[in-house]
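If you look up Swiss-Prot, you'll see C55 marked as active site, nucleophile. Residues annotated as active site, proton acceptor in Swiss-Prot: H424. Under the heading compositional bias 'Low complexity', Swiss-Prot lists 479-496, 546-573. Annotated compositional bias 'Polar residues' per Swiss-Prot: 518-544, in sequence order. Under the heading domain 'USP', Swiss-Prot lists 46-620. What Swiss-Prot records for 453-573 is region 'Disordered'.
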Amino acid sequence: MQEKPTTVAAYAAGASLAAVALFYVFGPNYTIDGDEAGGNRKKSIVGLSNPANDCFINSVLQALAGLGDLRLYLIRELHRRELDGPEIYNQLPGPEEADQLREKRPDRIRELQQGTITRALKEMLDRLNERPIYKKTISARAFIQALEFAYRTRISRNQQDAQEFLQIVAERLSDEYHAGVKARQRAEKSIEFNPYQEREEAPSEIEVRLDDGTENGLPAIIDTKLKEIDNEYGFPFEGKLESQIECQFCHYKYKPNQTSFVNLTLQVPQRSSTTLNACFDGLLKTEYIDDFRCDKCRLLHAIEVKSNALVKAGSATDRQRLEAEIEKIQLALSSDPENALDGVTLPPAELAPKRRIARHMRITVFPKIIAIHLSRSMFDRSGSTKNAAKVAFPERLPLGGILSQKWFKLLAIVCHKGSHNSGHYESFRRNHLYPPYSTPSVFSSYAQSRAASENPSRVASPRLPASSSSTEPPALNISPPASTSTNSPLSLTPDSPSRPPSATDLKSPRPTTSSSRVSFQSTHSSSKQTISPTSAARNSSSLDTARLSSPASRSSLAERNASATDTEASASASLASRIRRRRKTADRWWRISDEKIKECKTSDVLGMQKEVYLLFYEIEKSGS
């Protein structure tokens, strides 16, 4: 019976809708994560509205949205607070600990422990990292309100500084992180010193066995005290600077002084052009300072004065007093010249000699994300002006010594156009897609998950020899007819003569620990290939004979070899195209000016030497 045209059309429409639905379900991000150059639709990201001179806020938030380690920290920190429960972070510290805190009010301390700004920033960055189909603009008002409530003040919109806003946000995040760490430590101490809680003593050592191929394995011991190691990752913006003073006369080195930082301020020299490394040299290079009164030199001067007074002392009491003071000063010189001396009268500080000192500065703890502020302010009698020097900055920044060198990758910058008192901020952020939004191999990931195990069994599974068929004709006398087969791999080659199975062949080997741990997929795939070695040998012999005797078979073999060569060439070409596509994706940047967004390249970003104001570098992981 002939079907109606309407029925055929309905069937076709239903099949098309089903195909579209399958593509939408199983590959939702394929059009997003694939090669954007192939599509006509222009991709973009979420912009921020600017109702009242909010460009300094928008530029910093867009730059923070492009930092993967920051987003990872926010997710981990909030998830940890949810797992611990609100009761840990609602508990206030004791009076002794509260006196040492910078914040004294109980409600402020509780907000720090709860991480209010951490949660608000995560929600803000999650919204900025969406991939909209069409142009989308949101407001940062919710985050600004949370920040204003945390500081109990209003953020003015009258030409504010982006670096000041970044400093406020970063310091607040750092304070919330350290408050959460102290709250967790306080909760652990309360559990340890709880006399009413019965705890079972866990063994300090656990005996395990490592798989080394033998039957019983290799005995080993794991120390459970490794679990006590603190697994704190730290705030990604926080690093430590160490400064040390050395006297150039007596060569005494003061105790190093460590300070924490959430961003580094580098002074831009007053010249037409410079480099970022030159700005770092201004911070980390050795600085020489004159007219400094060294503590050790002051003690040496005191010994000299006391010794002269001892020579001129007339009474025994004065002589004993001076000898005791000289002894104390000598003890202080050998132990610690910086500590104050009790019971010793030193000469006036104005009489102490002035020395030349060297001040060394270095970064001892590198942050995961280093935020660099290029200070372009110049002050004179008439007022302040902007330093418009060109600062060349690299895409990969090396920091540290030769033995402990760290490499950082540029992820975002904030630029300022205008004068010192007015202008506009815009940001550049690298076009990165972080999980769970990034699925560049939607369809290949399933095929890769079905791949066989990389560790096959060392010993083949025991199986009985296959019986030969009596009706099988000989293969043109090229190889003797295989009457029986063995488990040896030699029976799979057509050139090897078959032999009767021996008792050793029929004996099944004893499986070891490692050989029994084989995935189901590898066993299943290997069983398909080794079901019948006898039939495989007969088929191989007959196929090789047919190929040798038939010219058509030889031509078809040549065609197959040519097609295999073409397949390999196409595979290598596709691999090269994927590499080029990956390089092209890494070269993409977003140029964001409030709600206006457009794409640019790395060369465009590195060319913003006159306008660059803030730089965000992320430390490179090993193997990246």
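Think of each number as a place in line: the chain as shown, counted from 1.
Each Cβ is built from the backbone N, Cα and C atoms, and glycine gets one as well.
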**OP:** Take the Cβ of the residue listed as 'active site, nucleophile' and count every other Cβ within 10 Å, whichever protein chain it belongs to.
**Re:** 22
Original post:
What's the CA to CA span in angstrom from C55 (active site, nucleophile) over to H424 (active site, proton acceptor)?
Top reply: 7
Subject >> Averaged pLDDT score, the domain 'USP' (46-620) >> reply: 77
Subject >> Cβ-Cβ neighbours of H424 (active site, proton acceptor) (radius 10 Å) >> reply: 16
